[in-house]
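Accompanying notes for the structure given below.
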Amino acid sequence: MIIRSPEPEVKILVDRDPVKTSFEEWARPGHFSRTIAKGPDTTTWIWNLHADAHDFDSHTSDLEEISRKVFSAHFGQLSIIFLWLSGMYFHGARFSNYEAWLSDPTHIGPSAQVVWPIVGQEILNGDVGGGFRGIQITSGFFQLWRASGITSELQLYCTAIGALVFAALMLFAGWFHYHKAAPKLAWFQDVESMLNHHLAGLLGLGSLSWAGHQVHVSLPINQFLNAGVDPKEIPLPHEFILNRDLLAQLYPSFAEGATPFFTLNWSKYADFLTFRGGLDPVTGGLWLTDIAHHHLAIAILFLIAGHMYRTNWGIGHGLKDILEAHKGPFTGQGHKGLYEILTTSWHAQLSLNLAMLGSLTIVVAHHMYSMPPYPYLATDYGTQLSLFTHHMWIGGFLIVGAAAHAAIFMVRDYDPTTRYNDLLDRVLRHRDAIISHLNWACIFLGFHSFGLYIHNDTMSALGRPQDMFSDTAIQLQPVFAQWIQNTHALAPGATAPGATASTSLTWGGGDLVAVGGKVALLPIPLGTADFLVHHIHAFTIHVTVLILLKGVLFARSSRLIPDKANLGFRFPCDGPGRGGTCQVSAWDHVFLGLFWMYNSISVVIFHFSWKMQSDVWGSVSDQGVVTHITGGNFAQSSITINGWLRDFLWAQASQVIQSYGSSLSAYGLFFLGAHFVWAFSLMFLFSGRGYWQELIESIVWAHNKLKVAPATQPRALSIIQGRAVGVTHYLLGGIATTWAFFLARIIAVG
């Protein structure tokens, strides 16, 4: 008789056919809500339909069902992303000058859009070089394609088709995992398993496969391109993968195969896994061999990290234990209870993820110019400016989203009866101290940062330059920042003995790198002007945080409205008969936070745009003399408000204002139109609902007179709807205005 250990029970983690697929139901507007499904009585119906369609919390209170809807929606989102990517690659294949750009990236601009002549719009097709006429693009796709080893438009076609297949696959997966095999709640809450798969699978194997692609395909192809070989002569990717001798000609260590790996003689691989630092002088981008090495190292770290958490085998960390062990001397119960919050409130989970992803996106913005990862990216000033601006805006929106979902968690998911003396409870109990101190910091920063500028404007107006804060009079040098720069500039040979150059040329020390007579990057000097504007950054960021954090900490209750939690996430006022209680909902804090986020990011991208044109970007003569686009005027001009208005906004707007009749005229029209969209927002923000309701009733009266009144009663927008429309147009108008201003300028002079 054989005694067996009991078989481990396999947990069934999916439900089969939980929701039937019904086109009839999908075709009924508002099928997710009993009230909305009845159809419209008033025009408010269409607003409620849009507001609640994706608010899954309002469709059901069953956490499992909500989780499944979110999970399924993620596949829909991925499908849209693949569709978008496919469109980008298709434009590269069908409408672009990619192959021409590849053969001469310093003299030919990237273009992937040719405008059809209908009523004269073909004026927009500017000459981008090499005899190609089209709209210059600034997305950085060409540089990315070159870095990944794409050498022909046929390869772009194939990738575009592949992305379409994946888009279809994702749509199918979204349907399948909601209607056919929907995961149970336990599956969504199994955090250790999720961590293992995401860390080892997505990040670990993802980085490893990218490192493999770089080593076997990108590096050899880029090696040939840098040497000036015609792209059509370069072997195709599969030839490098299948033929080891081909690679061994470029990287001798390939001849030895995996022997050095297993004999621990890893330094043999140093010909394609380097640790140089700095930029490749041919392309002005990071060394691609450094990047391959980086991805290999990252892959190893994440593969290890993906084996740290306890799943089926009973070994490893449990996240609940880690959190509950986290107790400081002053934090009471510490992180006890956080595990339950993060596994039952997807808003809390999303809030943390948005905060971290938003911060990471802003870090990406700063690395794209200081460590330009792709060949010929650094000398494409339009793309550099666009990538920085784009990632700053995205980061700002994500961080505001983090506050929004933190507040929704507080209102909908927070249970005060089970939370006592843990970290969150302690934060909430001393929220008055937090907010009043933060408010003081904002007032201090606001008066002092702005005061320095006002002082300078006044002294300048009175003709007393010797009494101004500037590099040539009263100096306020950013000594801490300069110390950090210096430390990094000295790091190679000290803290990083293998590296030949520092992580970024911007730190100082190194010479400039120029490609095709244009500056790619050089040490960025910091002075009084930067010190002043950095304190404006500190001010605007602190005010944004003040508004958002106050919204979160007072989302459930305040002295003014103790029962705020019962009123929900968004409400206009605390009912009739309680004056002075409007605009206090958590939603209103997000609304106000968006304006200050817009302020913060605007100052950052203005600072970046002017600083780079003044101190970095420009041309290099044969004698090595650098001529910057605005001739280094940042240090002396940006220290007064007047300087910002006169030498940045007005002086640099000349290109967009004078763009009519040229290939940049679309930016002139966008500049005008976006100003109009922005002004349109003020109509919603500075106007009361009653005004519009009265106006509508007069108009309805006229329709009744003529017997053309509709069955659906027109209603003025609610207060919340009006503010939502207002902030949307404010941001859309402001961002599009800035976009047109930046691009017309930098394409003309860059």
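Going from the start of the chain as shown, residues are counted 1 onward.
A Cβ is built for glycine as well, from the same backbone N, Cα and C atoms used for every other residue.
Taking Swiss-Prot as the reference, the stretch among 195-219, 220-244, 495-519 described by the feature transmembrane segment is residues 195-219.
The separation of Tyr691 (chlorophyll a binding site) from Cys582 ([4Fe-4S] cluster binding site), Cα to Cα, is 17 Å. Taking a C-beta cut-off of under 8 Å and a sequence gap of six or more, Trp692 (phylloquinone binding site) has these contacts in its own chain: Ala716, Leu717. Looking at which of 156-179, 291-309, 346-369, 589-610 has the most CB pairs under 8 Å to the transmembrane segment (385-411), the answer is the stretch 346-369. Among residues of the same chain six or more beyond the transmembrane segment (531-549), those with a C-beta under 8 A of the stretch's C-beta atoms are 399-400, 403, 434-435, 438-439, 441-442, 445-446, 448-450, 452-453, 456, 469, 476-478, 481, 589-590, 592-593, 596-597, 599-600, 603-604, 607, 638-639.
With respect to Cys573 ([4Fe-4S] cluster binding site), the closest of these binding-site residues in Cα terms is Tyr691, chosen from His675, Met683, Tyr691.
If you measure from the Cα atom of Met683 (chlorophyll a binding site) to that of His675 (chlorophyll a' binding site), you get 13 Å.
For the transmembrane segment (291-309), the list of distant contacts is 191-193, 195-201, 203-208, 210-211, 214-215, 218-219, 272-275, 316-319, 373: same-chain residues at least six beyond its ends, Cβ to Cβ under 8 Å. His675 (chlorophyll a' binding site) and Tyr691 (chlorophyll a binding site) are 25 Å apart (CA-CA, integer value).
The transmembrane segment (724-744) makes no contact with the transmembrane segment (433-455), as judged by fewer than three Cβ pairs under 8 Å among residues 6 or more apart in sequence.
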